[in-house]
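Taken verbatim from TrEMBL:
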- A:21-38: transmembrane segment (TRANSMEM)
- A:58-80: transmembrane segment (TRANSMEM)
- A:92-109: transmembrane segment (TRANSMEM)
- A:115-138: transmembrane segment (TRANSMEM)
- A:150-169: transmembrane segment (TRANSMEM)
- A:199-217: transmembrane segment (TRANSMEM)
- A:246-264: transmembrane segment (TRANSMEM)
- A:276-292: transmembrane segment (TRANSMEM)
- A:299-323: transmembrane segment (TRANSMEM)
- A:329-349: transmembrane segment (TRANSMEM)
Amino acid sequence: MRIELEKRAGASRLFSFLSPLLALLLTVIFGGIMFALLGKDPIHALHSFFIEPLLEVWSLHELAIKAGPLILIAVGLSVCYRSNNWNIGAEGQYVMGAIAGSILPVVFFEWNSPLILPLMLIMGAIGGALYAGIPALLKAHFNTNEILTSLMLVYIAQLFLDWLVRGAWRNPQGMNFPETRSFAPEAVLPPIMEASGRAHWSFVFALIAAVAVWFMMHYTLKGFEVTVLGQSPRAGRFAGFSSRKMIWFSMLLSGGLAGFAGISEVSGSIGHLQPIISPGYGFTAIIVAFLGRLNPLGIIASGLVLALTYLGGEAAQLSIGVSDKVTRVFQGLLLFFVLSCDTLIHYKVRLVFDRVRQKIEGAA
Amino acid sequence: MKKLALALAATAAIVFSIGTAAQAEDKKKICFIYVGSKTDGGWTQAHDIGRQQLEKELGDKIETAVLENVPEGPDAERALERMARSGCSLIFATSFGFMDATIKVAEKFPDVKFEHATGYKAAPNVATYNARFYEGRYIQGQIAAKMSEKGVAGYIASFPIPEVVMGINSFVHGAQSVNPDFKVKVIWANTWFDPGKEADAAKALIDQGVDILTQHTDTTAPMQVAAERGIKAFGQASDMIAAGPNTQLTAIVDTWGAYYVKRANALLDGTWKSEQIWDGLKDGILTMAPYTNMPDDVKKMAEETEAKIRSGELHPFTGPINKQDGSQWLKDGEKAEDGVLLGMNFYIAGVDDKLPQ
Amino acid sequence: MLEAILLTVITAATPLVIASLGELVAERSGVLNLGVEGMMIMGAVAAFAITQISGSPYMGLLAGIACGGLFSLLFGFLTLTLVANQVATGLSLTLLGLGVSGMLGESFVGVPGIKLQPIVIPLLSDIPFLGLLFRQDIAFYLSIALVVGVNWFLFRSRAGLKLRAIGDNHGSAHALGIEVIRTRYLAVLFGGACAGLAGAQLSLIYTPQWVENMTAGRGWIALALVVFASWRPWRVLAGGYLFGAVSIGQLHAQAMGLGIPSQFLSALPYAATIIVLIVISQNRRTTLINTPASLGKPFVPDR
């Protein structure tokens, strides 16, 4: 028995819609089996995984908090990947954005002004963009592969943050613990609806960024340029587009968005700098970008789904006592099913039974 | 495809309909939030062993729940809030990095009790707890000075936080109480948990001529390297004798269980109140693993020192002690204040390293 | 002293070299598998578990290789048969591997490991200084054999030529009658087996124990080394040892008490890799020749 694929003439609209549902169904079935094997009530487990986090308003706020940075970063990455620039160092750009944005509230902590927050956000975006500028510069002018440089720069950024919060930027009133002073109230990104939860404006920014990039990709020449250069740099050159400029554009855009995500997270959710400010957002966002099929609107959906699996994982740990590893396996399952079901959009899948074929061929 | 949609709708209906299973029992729920994995073999596992002891001793009155591998930051805040909302009466937050999240969530849930390990911020419903690990390190220092031929020990440190710096100083001071010329070489691994890197650090220290090893990172890798190279070493967080039956001299064992039982009992009989607890050897919050692989006279010395610390006769940080730059820190007979220790960011004389500032 | 340091570097560099070589072959065939970390940790847990159960670390080593290979087939099925996106599938494989290995290994935490002992080669091991290269464990010998073998395979054998042809242009290769999908499956399998072997080295030789996440990012470094090496096996060896040497060197610098912040020293291996890569990539032509042009692109044969 073999599996054969046949390319469809165009993307199937039916399956674009059905494939995520099919993936979900398969995950539910296989996840249910896994939970049953572990001696847990599968329905209860699945309920706490997918439904429980959505039943309460505060939890929806948490969903937005978790999805915000993922979407912001993934939207930027989608432009990179569409243009064939393999930035996998968004985690580092996120960290550098957070550091750059924190200069005002940490170093110039006595300066209070309504201007401080917008300035912080801008500086955060610039910080992330500049840091992404390093692999961009190296690729554009020194022909250095960006996969390696951007990844290595992640570790360097994390160590730099570590050094800052344990040294120069350490809170003088903090008993020498590795934290900066807490941001002044003016420097904190405010919540959207304070009464019901702590989701802050970063989620709104993420939605705006997604829509803006979607618009750019579909309705502007720049978007066309990204696509052309991504698919065929040669064709792009004939059209008068510059690969080199595109490296700069896509890397700075994605770095800027990652940096923006970093400072929003630090300002809105944490309130100070500390050695660890990201649970791997920059890497998870790569998955989010591809799950969203590199489409900014799809990324909103995939960002929310991935955020849900984290929240669901916690709910399942608490209510049925499965270990954290089980939830990670479950996440992996979900991703695999989503990825493989997407095949149905572009291809007809058929199972070929060799014996049958031989018979037919023999008869003929 | 219709069938598929139907099946999906049916599944959804079932999943929606059962809702959260009602908790009919009136057992108190005590929750633990971990920064690492329950089975990390180090810091978090020590807490989880404490939790298991709690369940064993008070299992008819309480139940426990756990969230593991929770990153410090906004995730911790959400995890804590979920715990508070899911009916936890007492929540132990077992990592320093959970401090601000704990304070924030505690403000929102004044009826839930919180306990935060190793931090310094408290509130009416937030207690803090910690163990005087430095007491154990002082004993280790004395043993090291007796056992080392070269008079140099290697110290694998994790991150420059007061807790770790305090440990290094206590070790050095203990060693110098036996051999005033004793030196310590320090490597900062910049990780709590990376067996490979810890092993590399151990090898580097041994190659640089230390003949005794101690660690403030969580895996048994340094112990294994010491065993291979035929030198002696100290275990960390748990009894690591299995990794070095002929190598481990003793280990500082984190024994949170008794403390957790005590606090759970206080919760049950209504006497729980916010305290800043910093217990030591005498309270059993840390214990020394059996003194092994050493001559009897060294063992006797270690036991005597331990007894003196337990009885309060000896405070490991008793002057005269000079800082690394030669200036005086403690006068003769003067004892260090807890506040200074908890924020310690300087070395005492004898450490062959510069503290990152 | 120099000898001792070299020994430490060998142990640290060997898993990187092995995993990198496996990924290199996969990438030469045009498949980008970002799941090295996941396959490596699966190899580590399988090797440790089977060693404990069977009592033989060599059985463990084989189990590590087999487990890494099997795990990679999951990636192969998704990306080659179902043409799912390679980047996302690889990352998901890492996520899954970390989770599954944690589950499988739960009962082995804290169990003392059995170390795979070195094999001393008579006579050669008596050579002054260089003799230490002949007192190593099997993983080291395999790593060197793999460098030589992969280099010969890729550039001297017919099958290697076909594999490179597929990586450079799968359309033309297919037109020439080369089995694109089957070759890629084998390349992915080889990559998985190598990652599994590298993981086994971690849990049987480097630090004979099992703890969760014990790969601690080494799979990512291995991935970066393939790029660093511009897809040439000998450069993988050089890159792995450069990274290993700088990592160990910074620890020695700390132990000497030089007073440089440890964070800067810890960042050195990463910075060094970037700088050397910049120097190497100045020669634009060799980089272009060696980069597999079909890397990461899906292939579906027309019928």
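Glycine residues also receive a Cβ, built from the backbone N, Cα and C atoms like all the rest.
Curation plays no part in TrEMBL annotations; they are all automatic predictions.
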For the transmembrane segment (A:199-217), sequence-distant contacts whose Cβ falls under 8 Å of one of its Cβ atoms, 6 or more beyond its ends: 60-62, 64-65, 67-69, 71-72, 75-76, 78-79, 82, 189-193, 223, 226-227, 257, 260-261, 264-265, 268-269, 295-297, 299-300, 303
Contact between the transmembrane segment (A:58-80) and the transmembrane segment (A:329-349) (at least 3 Cβ pairs under 8 Å, separation 6+): no
The transmembrane segment (A:150-169) in contact with the transmembrane segment (A:329-349), cutoff 8 A, at least 3 CB pairs, sep 6+: no
Chain residues outside the transmembrane segment (A:246-264) and at least six past its termini with a C-beta under 8 angstroms from it: 68-69, 72-73, 75-77, 79-80, 83, 85, 87, 90-91, 93-102, 120-121, 123-133, 135-136, 139-140, 146, 189, 200-202, 205-206, 209, 222, 225-226, 229, 236, 277-278, 281-282, 285
The transmembrane segment (A:92-109) in contact with the transmembrane segment (A:115-138), cutoff 8 A, at least 3 CB pairs, sep 6+: yes
Long-range neighbours of the transmembrane segment (A:115-138), counting only residues six or more past its ends (CB under 8 A): 85, 87, 89, 92-94, 96-105, 144, 146, 149-150, 153, 157, 184, 186-189, 247-248, 251-264, 267
Considering the transmembrane segment (A:329-349), which listed stretch of A:21-38, A:276-292, A:299-323 counts the most C-beta pairs under 8 Å: A:21-38
